[in-house]
Each structure stands twice: as C-alpha cells, then as structure tokens.
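See structure below.
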Amino acid sequence: EQVQEVVNPSNEDDLLFEKLQTVDRLFKPVRNTREAALDSASLVNISELGKKKAQALKTDFLRFNAADFCDKVRIKVSNGINNNETYGLSPCDWVKLGLGITPFFQSTPVLNFMCGAFERDVPPKKKKPVKEKEKESESSKVTKPMQLSSFQETERGELTTAQVEHLLKTLWRFYEANRKQPICFFEFVTNPNSYGQTVENIFYASFLVRDGHANVFLDDDELPVIEPLQKDLNDATSAQQQAGQKQQIVMTITPAEWRDIVSNFKIEVPLIQPMKSQPTVLTENNHSNKNAHQKTNDFDGKGKGKGKGKRIDT
C-alpha cells in the first residue's frame, strides 16, 4: 500500500522526493563500503519507483477519433450548409477539398498519351553493363620469363632452345653407347676446362628435367645420375606419373667445388661439346692440353654411377 501511495501521480504529497532527500542526507556520513552499497541499492529502488510513477501519469487528454474528424471536415468544406450525414459531400465540395489538400501532396503527374492516333508501349530501358576497371596489380607489371614447355613453341634460331636440343642429343648418344645405363650427372655436365660452361650445362639440363625429357636420381652410391626419357604422347598415364614424381631443388656450385669434381671424378675431357655457333667461353685453364678435344668421343663411365668401369667407343 505504501508503494502504491508513492507512485500515485494524483497524490499531492511528493513522497518519492522526500525519500530521495532522506537517502541523500544519510549518505553524507557514510565511510564504509557496506554502507555505500546500501545507498546504491536505495537509489536503484527509488529509480524503479520513479519509472512506475511516470508510466502511471496519463497524458492522453485528447484522443483522435476518425468519425469526429470526418464530420468536422464535411462541415468545413460545405460551410455548414449540408449537415445531413446521409448525403455526404457534393461534387463541388470534393473539388474544394482537393484544392485544399493539394499543397500537402506535391507529386509529379505521370506522363500518359492523350488524344494520340494510337497507343504504343514505352520501350523498357536497357541497363548498360557496368564495366569494372581492371586494376593492374604489381605482379602483372613484372615481366615474366618465357616458359619453354616444348621445343616446337619457340623459333629454331633461339640460342637457348638450340643448346637444350644439343644437350638432349648428346645425352641420348652417350646413353645408348652406355647400353642404356644411367650416366653420372657430374661426368655429363662438367667441363674440366671451363667453370662457366659447366654452369651453363647444368642450367640447360634443368630444362630437360622440367620438360620430362630427362630424369635425375640417386644411384646405389647416393650419387646423382641422369638418363633420357622417351616421351610417349599416347601414354597419358605415364606422363601423369612422371609429373607427380617431380621434385625441385636449388643447386649451387662454386669454382672450388668444380675443381673438386674434376679431380675426384678424374674428368679429362667434356662429354658435352660446345656448339659451333656458340661464342667462345672463358675457361679456367686457357693453357689446357689441346689434345683434350681429340678424346671427346671416348666415354669410359668411370664415375661411381651405374656402368662404371666400362669403356665405350662411340
């Protein structure tokens, strides 16, 4: 009953305000946390009571009644002449009503054909496709190297293609001469007279491996050997298997490592002879034995790969 008395808007005594003043007076000497928490709880209760009191206050002293509004409009338009509700508004009254409310509804009239010879349908507007501007990415501006997927894609006169073909022919020749046994990779690509030519041979050999013309793997002695592959265009399954077995590595060779390879494998003559059209390459030992070029047709397979100790005359 006391709560209902506090939240009653018609009560002349503002009991809620008195309670708030009492709580404010009691809060001044508060020093402990427990007492401060009780003060906070009191403020919460007073706020809830204030909310209920505000909701109980009636503000709808004037209510909108559609029937009363229509009667007042009819009397206003007809100037009080036609007070009979059964007849409603006359045509003149409707015109007067329309002129009176026109300023509140300013809309553009729709364009229609009037007094024309015939009516035609308005063609629908065609929506133009929005063209998105292609944003040039930084990667698209970078010049990409041409991929050599087959020897027929490039011109025959290009030096790189010619060098790769020359390397492939040389590999097949020594492979068949070695009774189709893999050849030691270092013996095949190393030029004992030129470090630069050795690097170029390794570079061209990577094209053969990438395009599936050659295979490089480790033999029983864990040394790399190379063998050519016969690409069968009709055997798609074999091509897929070879593609799935590809692995990429980054190979580096220094001049000191090149000298160790020449010494350990006892390489005296290069298996890969420079092409006639190839420019002269600076060699490590320009004063090497001139008779070395006369021994290039002999391959004895003296490396530690398969077929070692066999001398083959080609």
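Heads up, the Cβ atoms here are built off N, Cα and C, so glycines get one too.
Residues or ranges marked as compositional bias 'Basic and acidic residues' in TrEMBL: 131-141.
Per TrEMBL, compositional bias 'Polar residues' is recorded for 281-291.
Residues or ranges marked as compositional bias 'Basic residues' by TrEMBL: 304-314.
On the 0 to 100 pLDDT scale, the domain 'Nse4/EID protein Nse3/MAGE-binding' (39-73) averages 81 in this prediction. The annotation domain 'Nse4/EID protein Nse3/MAGE-binding' is assigned in TrEMBL to 39-73.
Taken from TrEMBL, the feature domain 'Non-structural maintenance of chromosome element 4 C-terminal' applies to 182-272. In the domain 'Non-structural maintenance of chromosome element 4 C-terminal' (182-272), helix, strand and coil residues by DSSP number 40 helix, 12 strand, 39 coil.
Annotation comment: TrEMBL describes 123-154 (among others) as region 'Disordered'.
Among the features that TrEMBL reports, region 'Disordered' is placed at 281-314 (among others).
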